[in-house]
């Protein structure tokens, strides 16, 4: 693909130049080619985006629930009509295989938007009787202008996960995509405008997170920030949001999730789940089950089944429909993953496969890392303690149920967890003891629109998707009505 035109900001229904004069480049990680130069939003751009959003939000909130629902449903239709085009752009920007982006990223994002479009008319208050002459009723009102700050691994899906409930509740959103993968969020803004969203209700500000993101979290005109990213960045966003104007926050942060295989499990099923929990999207998924616990007596058989499946991974041309494994999102991220792999070797973990970059004409110019499986791991190893966010699986052994539950919970993270077992009683007994917000039994990774997702501990605050997320983009107003004569004590 030839280099794209310089990308601008999207404010008040159209593209506009950044006042900062600063730019950055986004690359195709499969081959290192520059895709586009992108303008970076500065403080003045954030100010005008907020003013635009405030104007648009008043118009949007004044519409009836059905009017808002129809506009968002039109956006869903456009997303599905343009699925292949958007998936190709997402593949170029992220490096993910087209077989994945065309069937997951836009599809699941559109599903979430459709879900919330349908919920808009059901957003309602309640009536509380006090006595015969008095009652209270409540209204759920929009927060106003909210900000979404996205991560680089699922750019358009995250933009939809954040904007769908916010817009459904009557808010306007200013969205800052990751500077690593900024392109499809701008296309989403076009689609919202085409669907009939009032100008200013969805503005997109590409920029460097440490600057543009901070301007958003500092701004007094923003009522809430929804952030997806790493724990350290999330803590800064939360601190800035509280210090500036006591903003509400949703934090979807990192994970180091356990996948527990029990001795009664079908090992073929367990190996299939472990593969998806570690190598889907080249391991760049926050919910990955990177700590794979297996009974000592099952270790050798499990390892062989995993190795057989790793051999079936198809890396290469990301637009080949048979390819199911792409490069990492950037060269700095590739280098960071390689440092973790080197640390694992240094600390005594044994490499079953991988452990280096992929080599060959198809890979030499891209950010490729081979699918890597470590075994003979211990809980104190760096690769077991810290989030790597790459195609790196760590296999650990255990002897008893109580032991594995204790070790699975021995982490600052609490995003996801899963178990594989044929025993239904054990499945529920163990899952109820795991300290994680998203749990799976005999499966892994699905996050449908109806399912609230979010973490315990350092993995986050609040939830995305589900009914409760729509409510989190509203504030409750309580009104008492008195029909009897008011009695004053004065």
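Cβ coordinates come from backbone N, Cα and C, glycine included.
Record note: Swiss-Prot gives 150, 151, 152, 176, 177, 178, 179, 230, 231, 232, 233, 286, 387 as NAD(+)-binding, and the candidate from 125, 254, 366, 414 in that site is 254. What Swiss-Prot records for the K(+) 1 site is 26, 27, 93, and among 145, 146, 180 the residue it adds there is 180.
With every protein chain in view, the residue among the recorded positions 93, 248 whose Cβ has the most Cβ partners within 10 Å turns out to be 93. When secondary structure is read from DSSP and collapsed to three states, residue 93 (K(+) 1 binding site) falls in the helix class. Neighbour counts of Cβ atoms within 10 Å were taken for the recorded positions 179, 252; the minimum is at 179.
Reduced to three states, the DSSP call for residue 26 (K(+) 1 binding site) is strand. Neighbour density at the Cβ, taken as the number of other Cβ atoms within 10 Å, is lowest among the recorded positions 27, 180, 246, 286 for 246. Counted within 10 Å of its Cβ, the other Cβ atoms near residue 457 (K(+) 2 binding site) come to 17, all protein chains included.
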